[in-house]
Structures are given as structure tokens and as C-alpha cells.
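What follows is a set of notes on a single structure, which appears directly below.
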Amino acid sequence: METFFIETLASDVYGKALNVDLDRLSQAQVKYTLQELISYCSALTILHYDYSTLAARLSVYQLHQSTASSFSKAVRLQAAQSCSRLSPQFVDVVYKYKAIFDSYIDYNRDYKLSLLGIETMKNSYLLKNKDGVIMERPQDAYMRVAIMIYGMGKVVNIKMILLTYDLLSRHVITHASPTMFNAGTKKPQLSSCFLLNVNDNLENLYDMVKTAGIISGGGGGIGLCLSGIRAKNSFISGSGLRSNGIQNYIMLQNASQCYANQGGLRPGAYAVYLELWHQDIFTFLQMPRLKGQMAEQRLNAPNLKYGLWVPDLFMEILEDQIHNRGDGTWYLFSPDQAPNLHKVFDLERSQHENAHREFKKLYYQYVAEKRYTGVTTAKEIIKEWFKTVIQVGNPYIGFKDAINRKSNLSHVGTITNSNLCIEVTIPCWEGDKAEQGVCNLAAVNLAAFIRENGYDYRGLIEASGNVTENLDNIIDNGYYPTEATRRSNMRHRPIGIGVFGLADVFASLKMKFGSPEAIAMDEAIHAALYYGAMRRSIELAKEKGSHPSFPGSAASKGLLQPDLWVRCGDLSSSWEERVAQTTQGVLTRKSWWQLRLAAMQGVRNGYLTALMPTATSSNSTGKNECFEPFTSNLYTRRTLSGEFIVLNKYLIDDLKEIDLWTEAIQQQLLNAGGSIQHILDIPAEIRDRYKTSREMNQKILTKHAAARNPFVSQSMSLNYYFYEPELSQVLTVLVLGWKKGLTTGSYYCHFSPGAGTQKKIIRNSEKACNADCEACLL
């Protein structure tokens, strides 16, 4: 595309504000289509991120040319379609208040989307007709979500509709993928995450296949507990036959997942969880593999995600074996012969003989009664786990006892598994009054509160409160695929508020991950997030009542989430002073004591925060994912929408300030695959600040996780990044995380060669843990 027009356009754009007349540009195309211009500008991103910005604006302009110019018209055109997905009630609300909605919506805000963002919106979130033609703009989608939240009940709350639209369209907050593409439709399944517990009887085994398939078809991600299924070759008294164990059942769920895709928009997404004492643990650990005997015999199930539910007892035995203090003996059981091991947990970690350790007590009781069906060592299990992690990045590790002992809902029942991305932890069970866990997710853009004089913690608190009310309304307005999901959600009313853009905050404030000030700020940010959510949930309880399972909860006793960590010995009692100092008095000891007293009177939601992956939100807004460091300073992001070059704009701005963003530096950055650690022309201070997630010591990620985890009601999707697959390195951070009381041991463990050995732009598909994991991505 070597024309005067394109070269002039490129030179005008480079490093400038991009005040481009898109109508004039479109008329001047002559022989080139808008799509060709978009592709060309995107390819020039390596020179400057402004090229990507222009490509995004061209893409938005292209969409605007083919869609309705007002919100009500867009809705009218969709409603007129023979196979319209829109709910008649939603359409009626839009028609009734169309003057307000049409005048308030601001289509110019579409031009704030990144290229990755607008293309993701086109591909996944914007409603289409039966022929696949896009029928709305991003602003229409934001308004549709806002109306779904505040306009579908008994009262149409115009004020809150407009406020929510404003927060969404300015990218201060985001709602989860199912909410985005199902809001306003005839079957509004708005929830992201579902947790199922599979019982050991044929009827329930197949019921869970059906239930998971129905949930997946509506866009939900699923976590299944398999720990209660009897092991292979166990006797079945009813039939006189032997059990097939978990292997065939996992393969059945694997096939179901592949068939039941998420509304045709993306593949289905299931995670299966198992406890380490289960006799079939070694089979379970081999099933995700793409290579090896089971894979060659097609006895694997590689489309599923896998998770281990790890008790303290196993970690203690493993640590003793590592340090030659014990032989690592670990007993294996079949749950039909050793029942309820997955239904109990250790309330304390103490080794004192009177400590409340129900799991440990029952485990050794079954050992004494010789109910075990096999004996191995803790090291053998962890080695087998590691072989699989090297290939596929999981099984995840969830610390069972930490999750349960720090749960506000520990009085409800034992948490036996998590969800697709190991950040949601809700009790679930089958049988009488079955409950299937459900959680609605949203996230706050931390970068939205960066100010010239520091960080706006008050703004973050307010935004967290707004999201809390949004999610609470979604609980009442959403569609539930089963009565057990409705029962659980109405009883506990759990929500999961996450974050994205933490790395953007640190880069803007010139902090580096791992520094004392960064760790303190990480703690303070998540304290503010939790505080804002709890404060608003208390206010909502006064207006609408507490969640039915509130009596007996930790909050009903005046215990906040960080108090549970103090009680367990994993957080110092001085945390309030640290937060007060970091927030410069926005949150004081008095603030927290007032919150405790108010919480005892009632709380609307059983859970408040959960730190999920946020790949889609990050794509849309140009911010870094969740709480993670930058994975690279230059990479190609693979999504369902295609491949897009992403450049770290903060690094570019810092280099421009010192006149170092030159062609030579650009080429070195490209040759190094996005790393600047060996570009010695760049000052050491900048190189240190822009270490990527893989280049920094992984203990830094653990320490940051330990700082924020006390303010997380549920858990977090904690990734680790390593150059080489060395078990000792991985065990170091896992044991450190366990000792610090983390609830998640690991989400994905990524391994790859050093960036300096790569001569092409990093193809960073790992950044989002694969596109099929997006059910709980935002």
C-alpha cells in the first residue's frame, strides 16, 4: 500500500493526537477499503501506539457507517427481526424512555476503544441478526446492559441506568461476558460462574452432564467437584459390578463441553476438581496431557481445565519430605469406602493435638482403619502434577483449608471446588434442597483513578459501591438454568468484584512491582475495593434486607474479611494503620470499626470480591489484565477476533521523554521479543520498572498476592511465569504462598524460553489463558 495518501496519513499520525477527519479520510480512499487501511495502520503499531489508535478509530467509523444512528432505532431494527433475541419487556422500556436514552448516549465514546477492544466487541458482544450482521454499536451495548440492570424490575430507575451507562461507557467499570451478550434478551443468563458437586449415583452423574451443558449454552463457565465419585474398580453393591472411576466420566464431560458451546460465540468451558487423596488421582493428573500414553490411546480429555483441592495436611507432608523430615507417605482412598473426606476441612493449621483439624482427624482415622486403597508419596503426586503443568499450564491448585477457614459463608457448608478460573468459592451440594453455586462478576478499572497528585481512593470506593448495587440487581433480574442455581444465588447473593489495570497504575506513578510502596499500594487498593463493596452492601441490606444465610456468617459476628486472616495468623493486626497511611487517611481504623458495627446489623451479599482474569476488559480499554505485571512490552495478542499488536505505551512515553524512542531502540525491542533488559542504552531505572512478569522473581507475585488476598472474599486467578520448567522454582512459590495463607496456590503456570532468544514479536496467547477460558473473563 505504497501511496502518497497512506504515507502522508502515517506521517501525520505518528506521535500526534490523531485529530483525523474520518469522513474525509473515507472519501479519499479511492482504491483502498477501510479494512485495508485498518490492517495497514495496525501493522505500523511497532512504530508508535498511535497507529493502533487510528486503526481503532477507523474500525469504529466502519461500524458506525453500517449501524443505526440512535439507540432506539437500533433497538427497533433488532426487534423487527424475525428471530430477534430482544425481550419484549426490554423493548417496551426503551420505547417508553427513548427520548432520554437517545439524548444521553454518546457515540463519540466508541472512539475511545482500543483496536483490540472494538474488534472484540464486534466479534463477541454486539448483538447480531440471524445472518450475522452487527445490529448495534458499543454504546448501545452499554446502554442495553444498564437498562437490564435497572429497568427490568418493578421500577425503572432512570438515574441509575444513566449512571451505570456512564461508568460502562467511560470504562470505569466492566461487566462480565455473559452479562454483556445476554442483557436485554429473552433468556438473560447474566451469571458468569457456576459450581456443581457431582454425587456418586448414576442419575446424578448424568444430571450433571445435562446441567453443565445447559449452563454452557447460556455462556456460563462451570466448575465440577468429582471428589465424591468412587474410584475405579470399586464395587457397586446395587449392580454387583465394578466402577469405571472418574476417567470415563471426565471424557463424557469433555465431549459435552465441546458440543455445548457458549451461545455459539465461543467454546464451552469446564473445570473439574479432585482432592489429592482420591485413588484415581494419577489418572486425573494425566488426562489433560496432549502427549503420553493416555493421549496416544485417546483416553485423555484435553479440552477441560483441571484443578486440585489441596489440604494443609498434604502440604505439611510434602514440605517435610522436601526437607528430609519425613518419608512423604500419602494414602489414597475411594470415597465409597472413606466417605466425607471432601466434606470436612481443618479450621486451624496448628499442630497442637487439640487443634480443630477435622480433615486431618478423619484422614488418619481411615488410615488406622485400613480403608486406604493405595499408598504413594507427596513428592510422587507433585511430580506427576508438574509433568502435566509443563504441557498445559494446569491443574490449578486451590488451598482447600485456607479457602474454607477464611470464608464468610463457612457456616453454610464445606467448599469443595472452585470455578473455571479458580476465583469463585461457593458451597454447593446435591440432594435435598440442592444448591449449585452461582456468581455474578464485574471489574473496576484501577487506572481510572490515577490523578496528578496521586491516587483517588475515594473514587475507587464509590465505584466499588456502584458495582455492588449493579451486581445485586443482576441477581434478581437474571435467568437461572436450574432451580438449584436460583436457590443458591437467592440465599447467599454472592457477587465477585475484580480489578484490572494495576500495572497501569504502577507505571503511571513510576512504581515497580515488588517495591515496598507498590506492595503497600496493592494492599490499600484492594482494601478500598472491599470497603466500598461492603459499605454499599450494608446500605442495601437496610433497604432490601440481608441475604438469607446472613445469620451465622462471619459478618454477622462483626468479622470482616481481613479479620478472618488476622484470626488465622496470616495478617498482622497493624494492617489498619498501614492502609490508613497509604490512603492518606481516607480509610482509618475508625472507618473499619464503624464498618464492623454496621455489618453486624445486616449485609446484602454473602461474598463481595473475587479477582478474575480480565482479558476482554483489558482488550477493550487498553489496560493491563487484572492485577498482573506487564507480560511483555510488545506482543501479538491472539483472540477470537484475530491477532493484534500491543505496545506498552507507558514505556514508549518514558523513552520519548528522554529522546530514546528511536528506530534503533524499536528494532532492539522487536529483536528481544518485547524485553528491554538487555538494551543498555535505556537507563537501569526504566529497565527495572519495565521488567515483565517472567523477568521478575516470581516471589514478588506471591508477595503481592499475600498483600491483596486478605481483602478478597473469595479467591484470585494467580498466574506464574517461568523461563524453564524447573519443579524446584515452582515449589518455592507454591510453598511460600501456602505459608502466607493464600487461597489460590496457582492458576496457570507458564513456561517459555527467554524473550531475548525470540526474534519475532511474542505471540502472547498465554496472557488470557486461552480464548476458551473466557466464561469468567471480563
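The first residue you see is number 1, and the count goes up from there.
Even glycines carry a Cβ here, placed using N, Cα and C.
All protein chains shown were included, and the count of other CB atoms within 10 Å of the CB of Asn419 (active site, proton acceptor) stands at 37. The annotation active site, proton acceptor is assigned in Swiss-Prot to Asn419 (among others) on the grounds of similarity to another entry.
Within 10 Å of the C-beta of Cys421 (active site, cysteine radical intermediate) there are 32 other C-beta atoms, taking all protein chains into account. Residues or ranges marked as active site, cysteine radical intermediate by Swiss-Prot: Cys421.
Under the DSSP three-state reduction, Glu423 (active site, proton acceptor) is assigned to coil, being neither helix nor strand. Annotation source Swiss-Prot lists active site, proton acceptor at Glu423 (among others).
Look at Swiss-Prot and you will find Ser177, Ser192, Cys193, Gly221, Asn419, Leu420, Cys421, Ile422, Glu423, Pro613, Thr614, Ala615, Thr616, Ser617 tagged as substrate binding site.
Following the DSSP three-state reduction, the secondary structure of Cys193 (substrate binding site) is strand. For Cys193 (substrate binding site), the number of other Cβ atoms no farther than 10 Å from its own Cβ, over all displayed protein chains, is 31. The feature site 'Important for hydrogen atom transfer' is assigned by Swiss-Prot to Cys193 (among others), with similarity to another entry given as support.
Under the heading site 'Allosteric effector binding', Swiss-Prot lists Asp200 (among others). If you draw a 10 Å sphere around the CB of Asp200 (site 'Allosteric effector binding'), it holds 19 other CB atoms from the protein chains shown.
What Swiss-Prot records for Arg230 (among others) is site 'Allosteric effector binding', and it gives similarity to another entry as the kind of evidence. All protein chains shown were included, and the count of other CB atoms within 10 Å of the CB of Arg230 (site 'Allosteric effector binding') stands at 23.
Neighbour list (Cys439 (site 'Important for hydrogen atom transfer'), Cβ cut-off 8 Å, at least 6 residues apart, same chain): Ser191, Ser192, Cys193, Asn419, Val424, Ile426, Pro494, Ile495, Gly496, Tyr607, Ala610, Gln714. The site 'Important for hydrogen atom transfer' annotation in Swiss-Prot covers Cys439 (among others), and the record cites similarity to another entry as its basis.
For Tyr747 (among others), the entry in Swiss-Prot reads site 'Important for electron transfer'. Cβ neighbour count for Tyr747 (site 'Important for electron transfer'): 26 (other Cβ atoms within 10 Å of its Cβ, all protein chains included).
The secondary structure of Tyr748 (site 'Important for electron transfer'), as reduced to three states from DSSP, is coil rather than helix or strand. Summarising the annotation, Swiss-Prot assigns site 'Important for electron transfer' to Tyr748 (among others) and lists similarity to another entry as the type of evidence.
As annotated by Swiss-Prot, site 'Interacts with thioredoxin/glutaredoxin' applies to Cys773 (among others).
Feature annotation from Swiss-Prot assigns site 'Interacts with thioredoxin/glutaredoxin' to Cys776 (among others); the stated evidence is similarity to another entry.
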Nearest by CA distance to Cys421 (active site, cysteine radical intermediate): which of the recorded positions is it, out of Ser177, Asp200, Arg230? Ser177
Could you tell me the C-alpha distance between Thr614 (substrate binding site) and Arg230 (site 'Allosteric effector binding') in angstrom, no decimals? 36
With neighbours defined as other CB atoms within 10 A, the best-packed of the recorded positions Glu423, Thr614, Thr616, Tyr748 is Thr614
What is the biggest Cα to Cα gap, in Å, among Ser177, Ser192, Cys193, Gly221, Asn419, Leu420, Cys421, Ile422, Glu423, Pro613, Thr614, Ala615, Thr616, Ser617, the residues listed as binding substrate? 19
Can you tell me which of the recorded positions Ser177, Glu423, Thr616 is spatially closest to Arg230 (site 'Allosteric effector binding')? Compare CA atoms only. Glu423
Residue pair Tyr748 (site 'Important for electron transfer'), Thr616 (substrate binding site) - Cα distance, angstrom, rounded: 18
